[in-house]
Amino acid sequence: MNYQPTSEDRFTFGLWTVGWQGLDPFGDATREALDPAESVRRLSQLGAYGVTFHDDELIPFGSSDNERGVAHGAGVAHQAVPAGAGRDRHEGADGDDEPVHAPGCSRDGAFTANDRDVRGTRCARAIRNIDLAVEHVARASTCAWGGREGAESGAAKDVRDALDRMKEAFDLLGEYVTEQGYDLKFAIEPKPNEPRGDILLPTVGHALAFIERLERPELYGVNPEVGHEQMAGLNFPHGIAQALWAGKLFHIDLNGQSGIKYDQDLRFGAGDLRAAFWLVDLLERAGYAGPRHFDFKPPRTENFDAVWPSAAGCMRNYLILKDRAAAFRADPQVQEALAAARLDELARPTAEDGLAALLADRSAYDTFDVDAAAARGMAFEHLDQLAMDHLLGAR
């Protein structure tokens, strides 16, 4: 099989992924800084469709209006990758990455900071960056990750008030986008913890519930990340299925994670391989049309010689899993096993003829054979082993 990616695969990378220098709380950088234009060029050569970037990654925090207007970095990124691939991640709008985005003042977050003046300046800054995204990036969307929106102490934050302020901030952004006539939507990225002890909107479910309380919920969706949901011990494909069901999967971050621990950002497929298989199967069967975006970090043990193969491995692993999932679905024995597991019945409404018909149907309760139903096996194990055979290349 040919697992060479093309632009039709819509694979994208954050500039901060291949550009990560290996700096962590316990050690200095192990790689030199990369020029963003070089990152874009190399990713394009590998077959990537586009790039994403943090709001201050190409135009530094504190730049003058004139400097922002030039937007040199955004122009380079847009020109060097196939057209229409850009996406501006306004993670700094939430004050997520303090050393890069806002020294000191966002130590308690941005939209939910206890300091009212900090909230005001961060909202204003987010609006300025929206203007930049719309002006310089084709088909822009903005991701909001509230990495510092949270607390370590129960007394430090009234979460109800904090959610009010979070709602207020997103409503202001939605109002501005609507007034300006911008074709732009917001994708909220959940994460349970790190860098804060506990972060607000920690999971896909929390974010989906929050969105329904906003004044313009149609402008907002989610940007789930594999590792973030798995840090909370959750089933990532299930979360994605619910986001798709709600029509709110605006973007997705693919990487690898091995269990409940710190955010590992492994290359895609290098963590929970079974979850990765079911995720690819779901995205492809659902016809998800958005980019397959990789938010990973080449390990700090590696030099630059391994950075680009690591990025290529993300795409290759996705394509291998896509091939394996397609073979699984096309297998006649799998079709038989799916029927034996009665997946077709799950797709049918329980009360197909409505409430009155259900209540009038004696077989639904009065004459229902409990013993016969209890004796039925579900045949899930055979179906799952067939999936394992395909995943492991044994079929």
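Just so you know, glycine gets a Cβ as well, placed from its N, Cα and C.
Annotated in Swiss-Prot:
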- HIS54: active site (ACT_SITE)
- GLU57: active site (ACT_SITE)
- 80-108: region 'Disordered' (REGION)
- GLU189, GLU225, ASP253, ASP295: Mg(2+) 1 binding site (BINDING)
- GLU225, HIS228, ASP263, ASP265: Mg(2+) 2 binding site (BINDING)
CB-centroid shell, 8 A cutoff, Mg(2+) 2 site GLU225, HIS228, ASP263, ASP265, site residues removed: LYS191, VAL226, GLY227, MET231, ASP253, ASN255, GLN257, GLN264, ASP295
Protein Cβ atoms within 10 Å of GLU225 (Mg(2+) 1 binding site), excluding its own: 26
Position of peak Cβ density within 10 Å, selected from the recorded positions HIS54, HIS228: HIS228
Nearest recorded site to ASP265 (Mg(2+) 2 binding site) by CA-CA distance, among recorded positions HIS54, GLU189, GLU225, ASP253, ASP295: ASP295
Candidate with sparsest Cβ neighbourhood (10 Å radius) among GLU189, ASP253, ASP265, the listed binding-site residues: ASP265
Long-range Cβ environment of ASP263 (Mg(2+) 2 binding site), under 8 Å and at least 6 residues apart: LYS191, GLU194, GLY227, HIS228, MET231, GLN257
Under 8 Å by Cβ from ASP295 (Mg(2+) 1 binding site), counting only residues of that chain that are 6 or more apart: GLY14, THR17, GLU225, ASP253, LEU254, ASN255, ASP265
Length of the line joining the Cα atoms of GLU189 (Mg(2+) 1 binding site) and HIS54 (active site), in Å: 13
